[in-house]
């Protein structure tokens, strides 16, 4: 045990202590529980048919069934209570599709978890290089999460149908001798389906594990950093330069341009000052240019 702890505490085996690796271990273990409890199941129930003529009775009719639950192929012999040979009867239902799909998802989950855990331990650098490995891992994890949802739901419905088809009270209705009031039919032993109930529970537990692992794998893809970055729309207007309003179109720059414009005229440059108009004298002064009134005398 000390050797294992040293391996885990040093080197790349530390990934096992992290959620990314620890979740894969749980998925690997519970996938085994899921497909083994369903795929290895074998059950049996007993019935008894007591005829009016005791010599024709059969007090121990055993019916065995197992995975993949093709019940329409399971048969048993029951007495007719009429002095004839026993009749052969078949159970009703074929639930191999839901059971087989559930086991298939469990087996492939087991294989992928083992492969992914090997990648985490031995080539973690390549897994994180360029985030390509993590992105593929995220997509596959999404697929298995969906498959576990479908497989567990389908198998839960299939299991309820299996229970109904293997209920001894309902199977007795298939025997014609049980329709006669003088004959006595009853169940002796119900099938034990606790293992199948456990398989459904493990199926939904795997759904939770794979769904919860999506977050830990998603953090390795690099998409979280991309989503958290600042996005600037391409049509956003660029801000005005700092020189706008200072050099070209400010007061100083405009004044300079005005002076330059005035200097290029070379002619009349009026100066509009406040002292240009005097009420008392009637003189008009405009910034240095003084206009004197001209008197005109009538000379004869």
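Note: Cβ is positioned from N, Cα and C throughout, glycine not excepted.
Bear in mind that TrEMBL entries carry predicted annotations, made automatically and left uncurated.
Keep in mind the model is a prediction, meaning the values are calculated, not measured.
When TrEMBL is compared with the stretches 52-72, 73-93, 136-156, the one noted as transmembrane segment is 136-156.
Note on TrEMBL: of 5-24, 25-44, the range annotated with the feature transmembrane segment is 25-44.
The listed stretches are 25-44, 99-124, 200-218; of these, 200-218 has the most Cβ pairs under 8 Å to the transmembrane segment (136-156). Long-range neighbours of the transmembrane segment (99-124) within the same chain, counting only residues 6 or more positions beyond its ends whose Cβ lies under 8 Å from a Cβ of the stretch, are 12-13, 15-16, 20-21, 24-25, 27-28, 31-32, 34-35, 38-39, 67-69, 133, 137, 140, 144, 147-148, 150-152, 154-155, 158, 199, 203, 206, 210.
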